[in-house]
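Sharing a structure below in C-alpha cells format, with a few things to ask.
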Amino acid sequence: MSSNSGIQIPSRLPLLCTHDGVLLPGSTMRVSVDTARNMQLVKSRLLKGTSLKSTIIGVIPNTRDPEHDSDELPSLHSIGTAGLAVQVVGSNWPKPHYTLLITGLCRFRVSQLLRERPFPVAEVEQLDKLEQYTEGDPADGELGELSQRFYQAAVQLVGMLDMSVPVVAKLRRLLDSLPKETLPDVLAAMIRTSNKEKLQVLDAVDLEERFKKALPLLTRQIEGLKLLQKTRKLRPDDDKRVLSIRKGGVFPGRQFSLDEEVEDEDSDDTALLERKVKAAAMPEAALRVCLKELRRLKKMPQSMPEYALTRNYLEMMVELPWSKSTTDCLDIRAARVLLDNDHYAMEKLKKRVLEYLAVRQLKSTLKGPILCFVGPPGVGKTSVGRSIARTLGREFHRIALGGVCDQSDIRGHRRTYVGSMPGRIINGLKTVGVNNPVFLLDEVDKLGKSLQGDPAAALLEVLDPEQNHSFTDHYLNVPFDLSQVLFIATANTTATIPPALLDRMEVLQVPGYTQEEKVEIAHRHLIPHQLEQHGLTPQQLQIPQDTTLQIISKYTREAGVRSLERKIGAVCRAVAVKVAEGQKVSRSEAPTEQHAEQNTDSKVEDSGIAAPPEMPIVIDHVALKDILGPPLFEMEVSERLTLPGVAIGLAWTPMGGEIMFVEASRMEGEGQLTLTGQLGDVMKESAHLAISWLRSNAKTYLLNDGSADLLEGTDIHLHFPAGAVTKDGPSAGVTIVTCLASLLSGRLVRSDVAMTGEITLRGLVLPVGGIKDKVLAAHRANLKRIIIPKRNEKDLEEIPANVRADLDFVLAGTLDEVLNAAFDGGFPSAVNHPQVLSKL
C-alpha cells in the first residue's frame with residue numbers, strides 16, 4: 001500500500017484545537033480561530049512560514065464545551081487530521097480572529113505531547129495517506145461489498161437532489177472520479193451530521209469499520225429526502241428548500257454540503273443561547289424581542305455580517321441583570337459606625353444616608369433617591385459615594401462624565417450603526433451584574449455639548465424617578481428598570497448644571513474643612529495611608545499635630561485635603577530615602593571587633609553615607625522646612641492694609657471660599673471710574689452702585705470737603721488683585737463701599753475685618769450665598785471680625801462651634817452698620833438717620 005508519491009506528513013505537528021466541526025481527510029473546512037493558543041499558532045507558524053511544510057498542521061476536535069474554555073489545555077483527542085492551510089484571513093471585527101481554510105490530508109495519532117505553550121506541539125504517527133487509495137481497488141469480500149453498497153447509495157443521493165440536470169451530472173462525474181476508499185470520509189463531510197457522528201468516522205482507522213460507520217449516515221440522509229419529497233407532493237405550495245448546496249474546497253474537485261432544516265446540536269450553539277435567554281428572567285417585552293431575534297439568527301448563515309451583530313445583541317441581553325439584585329444592609333447602627341470610620345465630619349451627608357436606611361426599613365419598595373454632592377475639590381465627594389455603597393452592601397460603579405459631549409455615551413448607539421454599543425448606564429449594569437447598584441455620576445457639572453447631542457438632556461430620563469423605571473437604551477431598544485439604582489452625582493458648582501437636570505436631584509452641599517478637621521482627617525486617614533503607600537511604619541515616622549497644622553497653614557490653601565495628602569507624601573518620600581540609606585549602611589560588612597572602634601567613624605565619614613537614623617523620625621518645623629522648602633503662603637493681611645483705600649472681601653469659588661482684596665486710588669481727573677481685575681458685569685454694576693450711594697450720602701458721612709460733588713475733579717481707580725482670575729457676583733458690594741469710604745475719608749479699615757453682602761441704592765445689605773465657605777476662608781486667614789448680612793444669620797448654624805468661638809460676627813442690615821463695624825471707633829456721620837429695613 002505504500003507509494004512513492006504519497007504525502008508524508010512531518011513527525012512533529014503543531015495542533016489546532018477546534019470546536020467548529022470535525023475535519024475529515026479529503027474534505028475542506030473553514031475554521032474560526034480566536035483563542036490565545038490558536039492565534040499564536042497562526043501568527044508564528046502559518047503567517048511566518050515560507051515552506052509547504054510550515055502550512056501543514058494537525059487539527060484536533062475539541063470535545064469540551066466552548067463556554068468552559070480556559071487557559072488550561074483541554075484533554076486532546078487521540079485521533080486527528082493533518083490538514084493543509086490553503087488560506088488565512090484576519091479580521092478585527094467583532095473581535096480579533098483569523099479564519100482558516102483547511103484541506104484534510106490524512107489521519108494521525110498523537111503519540112506524545114511535546115509542549116503546550118505558546119501553542120501545543122505533538123509527536124504524531126501517520127495512520128493513512130489519501131494518495132494510497134488511488135493505487136488499487138479495495139479487497140474482495142465483505143469490504144468490496146460494503147464499498148459497492150456505499151457507492152450505490154451515494155449515486156442514489158445525488159439523483160434525489162433538487163437541482164438542474166447539468167449540476168447533477170457534474171456531481172455524478174465527481175463520484176465516479178473519486179476512489180471508492182475515499183467515499184466514507186468525503187460523503188460524511190458533505191452531508192449534515194452531528195459532530196459526534198463525524199468523530200466516529202474519524203476514529204475508524206480500519207477502512208471496513210469506516211464504511212460501516214458512514215453507511216447508516218448516508219442511508220438516513222436518503223430516507224429523510226424521501227420523506228421530504230412525499231411531503232412536497234402532498235403540499236405543492238410549500239416552497240421550503242429541501243436542501244441547499246454549499247460550495248467549498250474538496251479533494252479532488254469541489255465539495256457540496258447537504259443542509260437540512262434541522263440545526264446541528266453540537267456545531268451550532270444557538271440552542272445554548274436560547275436556553276440562556278429563557279433563563280435570564282427578562283420582562284415579557286424584552287423576552288419577545290429576544291425570541292424574535294433568535295428566530296432570525298437561526299435562519300442566517302454565519303457568513304452574513306448581521307449574524308455577528310444579532311448574536312452580540314442577544315449576548316448583551318442575556319448578560320444584563322434583569323432580575324438579579326443584592327440584599328440591602330439596613331442596620332442603622334452598623335451603618336453609622338462604618339460611615340464615621342470612613343469619613344470625618346460630613347454630618348449632613350451621613351444623616352441623609354441614615355434617613356434613607358430608616359425609610360427602607362419601613363417601606364421595602366422605596367425607589368432610590370437621586371443625590372447630588374456639591375462642593376470644592378478634595379473634600380471627599382467621590383469617596384463618600386463608595387462608602388455609601390459599602391454601607392448598603394451594594395455594588396459600586398463610577399461613571400466619569402467630565403468632558404462627555406455625546407448623548408450616545410448615555411443612551412447608546414442604535415444597532416443600525418457599525419460598531420454600535422450600549423451607553424455607559426447599561427454597560428455599568430452589565431459590569432456590576434446586579435440591578436440595584438450605587439452609580440456615581442462623577443463631575444456632572446462638566447458635561448459638554450456638541451452636534452452629537454446634549455448628554456445632560458439624556459440624563460433627564462435616567463435621573464427622574466418617575467421615568468427611569470422604563471429607561472430605553474438606543475442599543476437595547478427595550479425598557480430597562482433603573483428605579484432600584486441609587487444614583488449619586490458629584491459637582492463643584494451648580495452654576496453649569498442645566499436647571500431641568502438640577503431640579504431632578506437632591507442637592508447636598510459639601511463645604512470645605514476647618515483646620516481642626518483637616519488635622520483630624522490627616523491623622524486618621526491621610527498619614528496612615530501614605531505610610532502604607534511608602535512602605536513605612538509609625539515606628540519609623542511620626543508627624544506631630546503641630547507639624548500637620550503648619551503644613552495646612554503654610555504649605556496648602558485649599559478647601560479639601562488633596563494638596564495636604566501630597567505634602568504628606570513628600571514628607572514620607574524624604575523619610576523613605578533616609579531609612580533606605582540607613583538600611584544600606586547597616587547591611588554593609590561590619591568591621592572586626594579589634595578594628596571596630598577606630599574604623600566605624602572613618603568609614604561613615606569617608607564614604608559620605610549617613611549613619612542609620614534613630615527611630616522614629618519625628619518631623620518638626622525645621623525638618624519640615626528642609627523637606628518642603630520655605631512656606632508657600634504667609635498671612636499677609638495686616639501688611640496689605642497699611643494705607644487707606646484697601647478692604648478685604650469674601651468670595652466663593654468652585655474651589656471653596658477665598659478672601660479677596662479690593663484696592664482704590666484717586667487722582668485728578670474728570671470724575672471717571674476705572675475698574676480693573678477682569679470683572680463681570682454684575683461686579684461692575686456693584687462698583688457703580690457703591691459710587692452712587694457714596695455720592696448721594698457724601699454730606700452725611702463728611703466725605704465731600706465742602707465740594708458740591710464727591711467726584712468733582714477726581715478720577716477713581718478700583719482694582720481687584722489676581723487679575724488673571726475672572727470675578728463676578730453681587731457679594732462684593734459692601735467691600736467696595738468700605739474700600740471707597742476708606743479712600744475718601746483717609747481712614748484705615750481694620751486689618752482683621754472681612755465682609756460680604758449685596759447692596760442696594762438705598763443702602764440696604766442683602767443676603768448672599770456660600771457663607772460657610774467664606775467664613776472658613778476668613779478663619780484660615782486669621783481674620784477675627786466677619787461682617788455678613790443680617791438675613792444670613794441662619795447660615796451661622798452650619799459653621800463649626802470652634803470656628804464660631806474664634807470669630808466676631810457682625811450682622812449688618814444697612815451700610816451704616818457695615819461702616820461702623822469696619823473702622824475702629826465707627827465711621828463718623830453728621831446726622832443720626834433712622835435705620836432703613838429691607839422688606840425684599
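The backbone N, Cα and C atoms fix where each Cβ goes, glycine too.
Here Swiss-Prot flags 13-222 as domain 'Lon N-terminal', drawing on sequence analysis. Per Swiss-Prot, the feature ATP binding site maps to GLY375, PRO376, PRO377, GLY378, VAL379, GLY380, LYS381, THR382; the stated evidence is sequence analysis. As annotated by Swiss-Prot, region 'Disordered' applies to 583-606. For 584-606, the entry in Swiss-Prot reads compositional bias 'Basic and acidic residues'. Taken from Swiss-Prot, the feature domain 'Lon proteolytic' covers 641-825. Per Swiss-Prot, active site is recorded for SER731, LYS774.
Burial and contacts for the listed features, if you can.
Each residue in the domain 'Lon N-terminal' (13-222) has a pLDDT score, and their mean in this model is 83.
The Cβ of GLY375 (ATP binding site) lies under 8 Å from the Cβ of LYS381, ASN492, GLN509, VAL510, PRO511, GLY512, ALA559, each on the same chain and at least six residues away in sequence.
In three-state terms derived from DSSP, SER731 (active site) belongs to a helical segment. Annotation for SER731 (active site): same-chain Cβ neighbours under 8 Å, separated by at least 6 residues, are GLY649, LEU650, ALA651, TRP652, THR756, GLY757, GLU758, VAL768, GLY769, GLY770.
Neighbour list (LYS774 (active site), Cβ cut-off 8 Å, at least 6 residues apart, same chain): LEU650, ALA651, TRP652, GLY657, THR756.
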Take the mean position of the Cβ atoms of GLY375, PRO376, PRO377, GLY378, VAL379, GLY380, LYS381, THR382, the recorded ATP site. Which other residues of that chain put their Cβ within 8 Å of it?
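Nearby residues not in the site list: PHE373, THR490, ASN492, VAL510, ALA559, GLY560, ARG562.
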Which of GLY380, LYS381, THR382 has the fewest nearby Cβ atoms, counting only those within 10 Å, among these binding-site residues?
THR382
Identify which of the binding-site residues PRO376, PRO377, GLY378 has its Cβ surrounded by the largest number of other Cβ atoms within 10 Å, counting every protein chain shown.
PRO376
Within 10 Å of the Cβ of VAL379 (ATP binding site), how many other Cβ atoms can be counted across all chains shown?
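Looking across every protein chain shown, the total is 26.
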